[in-house]
Amino acid sequence: MPKRTDLQTILILGSGPIQIGQAAEFDYSGTQALKALKNEGYRVILVNSNPATIMTDPELADATYLEPLTPEFVEKIIEKEKPDAILPTLGGQTALNLAMELHERGSLEKYGVELIGAGVEAIKKGEDRELFQAAMKKIGVETARGKMVHSMEEAVEYQKEIGLPIVIRPSFTLGGTGGGIAHTYEEFLAITEGGLRDSPVTSVLLEESILGWKEYELEVMRDTADTVIIITSIENFDPMGVHTGDSITVAPAQTLSDVEYQRLRDQSLAIIREIGVATGGSNIQFAVNPDNGRVIVIEMNPRVSRSSALASKATGFPIAKIAALLAVGYHLDELPNDITRVTPASFEPSIDYVVTKIPRFAFEKFPGTPDGLGTQMRSVGEVMAIGRTFKESLQKALRSTEGDIRGVYAEMDEAGLRALLYPNPRRIEAVIELLRRGESVESLFDATKIDRWFLSQLKEIMDAEKEILDLGPIAEWKYELWREVKRLGFSDARIGEIVGLSELEVRDLRKKAKATPVYKTVDTCAAEFEAHTPYHYSTYEWEDEVAPTDKPKVVILGSGPNRIGQGVEFDYATVHAVWALQEAGYETIMVNSNPETVSTDYDTADRLYFEPLTFEDVMNIVEHEKPVGVIVQLGGQTPLKLAKKLADAGAPIIGTSPETIHEAEDRASFNALCERLGLPQPRGKVAQTPAQARELAAELGFPLMARPSYVLGGRAMRTVRSMDELTTYLDEVYAAVEGQPSILLDQFLEGALELDVDTLCDGERAVVAGIMEHVEAAGVHSGDSACILPPVTLDAGVLERVKADTERLALELGVRGLMNVQWAVKDGTAYILEANPRASRTVPFVSKAVNHPLAKSAARIAAGQTLEQIGLLETPTPRMYSVKEVHLPFLKFKDVLPVLGPEMKSTGESMGIDSDPYLAFYRAQLGAKNYLPLEGTALLIGDGLDEVAGTLEGAGLKVIREQDGDELPDLLIDVTGSPLLRTALERGVPIVSTKEGAEWTARAVAEAKKAGMLGVRSLQEWVK
């Protein structure tokens, strides 16, 4: 069936701020869908509060609303834009839940809008546990024994019947929020109570435990002609009990027999038909009992998911794009496969390689939090690697995580390693180290229930390590021997550790033996047809499928796995660089290892290498492609750390030089530079050892801000107020940070106002692009503070000085591209805190706030253009106030008090735009899911809040200064950091934990109350 012509305007719901369980994969999916629908001639409207996304760039949709994803705001947009349909399947759980709310409040019926992609009934059947179980029963597909309960009384009654352990799954929540596995009756009571509270429909499913079973996922697509295809199977390395987002996963499934696979395939076809997803993709999860082969279906997501993004990258099949086209009426056999150009999308992908995904965690940001993994997702990012075998794929994925693969584990005794065999982020390293020491596969299977096949593969890698020592002197290895070792996935660095040489020495010997990788193409068809899309991976085989062109080319290094401090903002910058360089006539080559992102879409860059961001892997690509330039300044700290080593090996780094990067990042060099330029700095000293740090602290006096060189996201940064606190801090830093970092001790400017300044410089001229005023005072990491552009409270004289000094600094450093500088203003003096000669996490926000593509301009400068040629000669004057607010993941880390400090903890952000600064702040709060009440009771705890109380009372709220029994208020402002903050957070009460945040919140509530229901304006209307 050709596309529907009765639809003209389609509204796409985004997923809001990046959060655990719902990350960059929805920017990737949404961007694909937007492009596909616009190409078909539809008018596309987007609602998404997250500015750090490519999809919210004004060029992508016809109208882009950076507004809160609430039914009230979306209804306003529907009323204004009059869409014919809403596509809710590309914005994760947030979009599905929002679509259901719009249906239930009658908005869809009122404005005559239909849901496409997944209808109301399909969403209900897929998401409502009771309806799903009934549907499965009807088609004879087994589910875990379980019951939906709506109260604690019902739950206690059913638990008696089913026993322990028991699985608790709340309905309609994201990433398993509120759920868990209870091993004791006390755990059961606590998790069930929390699950009922977290479920928007107050219901949880209680299920029999299937801990230790094998877990599989199938990615399925269906069209209105009832053609159903399986995109790929995915197998979890970790057995049931670990959320699939936190498990290592492998595609295609490795341990299924053909008969078992066909059984799962048949069940998947029956499930998607029964649930009624007729136009799009679904992810279906199964558990298989390894003892008897019993199969049960765990759940299905009637939408594009995290696994869909992985499946797309693993196979080259663009699930989100095809899902969007199916939603407007196309059939699979009418859509061409972009990669082969001769086969239709109804051909199931076939792959001749293995893909491994490994999650990335951030427990170090939440000290004291138990790192056990369960049914609630805790990872903040992931990597993917491609190899010809599981061994090669796994070893490449492990080095992509940028963790210390061996280091700490080699020093551990056996008891310490055995203590890590429970499900936790470090389990695979502990298993590998125990196998290295001779532990048997059988005993590790008993301890972990990881499939024996996977354990045997790991054992073979460890056996190969021993054999490397028996292969004779490495200098005498011939090409064939090198190839055999490298095909197992061993890096030069690891081989060096085994034989006692440096990485560079191993590299030289390997190159002398002419042992270099070949590059293969991801083609969806196991090389049966010619591939037209340039999506590649390395291996050590004979035939090279990737011939370099003779065009001038630039390699752009991505940012690797998302993590706190280095998120989707850096991917945004690299994608913009690709576009700018393509416009300038260069062939662009992207290198990245993150499957969630737009940068790793096969049609973003001219060539994509899905490879680890390590010196060895990047340098191999540089030597293969011979580019005229390599850009390292846009992907955050990951590529910056490689800059010097790459330059030393002959890579042509363009843009800001490695020497400049070092001068700004190294604290002693930077301090000397600021003194030379006469820029005020907090009094500070650099210590090289713990003893020297204590000596300098005594000289400077407390409080001090302590931080190591070369960190991102405030890693290991802390305010210390006494010698004891400093000693504890130093012990922790030297244990946690690689090498012996120098420590900067700065006088802490209590109560100072911080500024973030983004600047562009071409070496001859510098222009400040935007100055952001932080809401929270100094001491809160800039990535966790709300900020506003343009500044509201600073006088023009201070701002002019900051602007002039920032531009002077950029020129003195010789920056060619972007630089971010942080300032603290106290008593009318602006003190410089730090400068980063690279893209910062504020780039997407500032680009939208001032309507100038900063990352594109930075790439043009790196390629030799000037600011004059680009057309940026002065600081842009914004036409509105823009506020950036953050999303914090405290709910996922149960034992952590939700207070802000110098170590960054936020995972994502929202943006609010208004002609009034306080209304912009109010919108940003709602966009970050901090739903500030306009009536009810506000509880204020702490000193210095009288003015806040007066403002809230003036707005009609009842203000109390002490909690009324156990009753919680509608808004909690607590600047003392009491445990009540945690309780309120868990009960869904909006919380504010800083005095400055309280002042802004009170003003925002007062202005919003005065304004009544806020209107909506698209980004295009704001900036035109």
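Using the three backbone atoms N, Cα and C, a Cβ is placed for every residue, glycine included.
The shown structure was predicted, so the numbers you read here are calculated from the model rather than taken from an experiment.
Counting every protein chain shown, 19 other Cβ atoms lie within 10 Å of the Cβ of Q285 (ATP 1 binding site). Under the heading ATP 1 binding site, Swiss-Prot lists R129, R169, G175, G176, E208, I210, E215, G241, V242, H243, Q285, E299, citing sequence analysis as support.
Feature annotation from Swiss-Prot assigns Mg(2+) 1 binding site to Q285, E299.
Residues or ranges marked as Mn(2+) 1 binding site in Swiss-Prot (evidence: sequence analysis): Q285, E299.
The Mn(2+) 2 binding site annotation in Swiss-Prot covers E299, N301 and is backed by sequence analysis. A strand conformation is recorded for N301 (Mn(2+) 2 binding site) in the three-state DSSP classification. The Cβ of N301 (Mn(2+) 2 binding site) has G126, S282, N283, S307 as same-chain neighbours under 8 Å, each 6 or more residues away in sequence.
Sequence-distant contacts of E299 (Mg(2+) 1 binding site), defined by Cβ-Cβ distance under 8 angstroms and a gap of at least six in the same chain, are F132, R169, I284, Q285. Per Swiss-Prot, Mg(2+) 2 binding site is recorded for E299, N301.
Of all Cβ atoms in the shown protein chains, 17 besides its own fall within 10 Å of the Cβ of E834 (Mg(2+) 3 binding site). If you look up Swiss-Prot, you'll see R707, Q747, L749, E754, G779, V780, H781, S782, Q822, E834 marked as ATP 2 binding site, on the strength of sequence analysis.
If you draw a 10 Å sphere around the CB of Q822 (ATP 2 binding site), it holds 19 other CB atoms from the protein chains shown. Residues or ranges marked as Mg(2+) 3 binding site in Swiss-Prot: Q822, E834.
Among the features that Swiss-Prot reports, Mn(2+) 3 binding site is placed at Q822, E834. Secondary structure from DSSP puts E834 (Mg(2+) 3 binding site) in a beta strand.
Under the heading Mg(2+) 4 binding site, Swiss-Prot lists E834, N836. Under a cutoff of 8 A between CB atoms, and with a sequence separation of 6+ in the same chain, the neighbours of N836 (Mg(2+) 4 binding site) are A664, E665, M819, N820, V821.
Annotation source Swiss-Prot lists Mn(2+) 4 binding site at E834, N836, citing sequence analysis.
Swiss-Prot lists 133-328 with the feature domain 'ATP-grasp 1'.
Feature annotation from Swiss-Prot assigns domain 'ATP-grasp 2' to 671-863.
Taken from Swiss-Prot, the feature domain 'MGS-like' applies to 930-1024, supported by sequence analysis. Look at the domain 'MGS-like' (930-1024): DSSP puts its residues at 38 helix, 16 strand, 41 coil.
Feature annotation from Swiss-Prot assigns region 'Carboxyphosphate synthetic domain' to 1-402; the stated evidence is sequence analysis.
According to DSSP, the region 'Oligomerization domain' (403-546) comprises 75 helix, 10 strand, 59 coil. Here Swiss-Prot flags 403-546 as region 'Oligomerization domain'.
What Swiss-Prot records for 547-929 is region 'Carbamoyl phosphate synthetic domain'.
With respect to their backbone Cα atoms, R707 (ATP 2 binding site) and E834 (Mg(2+) 3 binding site) stand 11 Å from each other. In this structure the C-alpha atoms belonging to Q822 (ATP 2 binding site) and E834 (Mg(2+) 3 binding site) are separated by 5 Å.
If you compare Cα positions, V242 (ATP 1 binding site) sits closest to H781 out of the binding-site residues L749, H781, E834. Most Cβ neighbours within 10 Å among the binding-site residues E208, E215: this distinction goes to E215. Within its own chain, G779 (ATP 2 binding site) has M705, T719, F748, E750, G901, P902 as residues 6 or more apart in sequence whose C-beta sits under 8 angstroms from its own. Proximity of R129 (ATP 1 binding site) to non-local residues of its own chain (separation of 6 or more, Cβ distance below 8 Å) is seen for G146, M148, R169, S171, S203, L205, given in sequence order. Residue environment of R707 (ATP 2 binding site) contains 23 other Cβ atoms, counted within 10 Å of its Cβ in all protein chains. For the pair formed by H781 (ATP 2 binding site) and E208 (ATP 1 binding site), distance between Cα atoms is given as 44 Å, rounded to the nearest Å.
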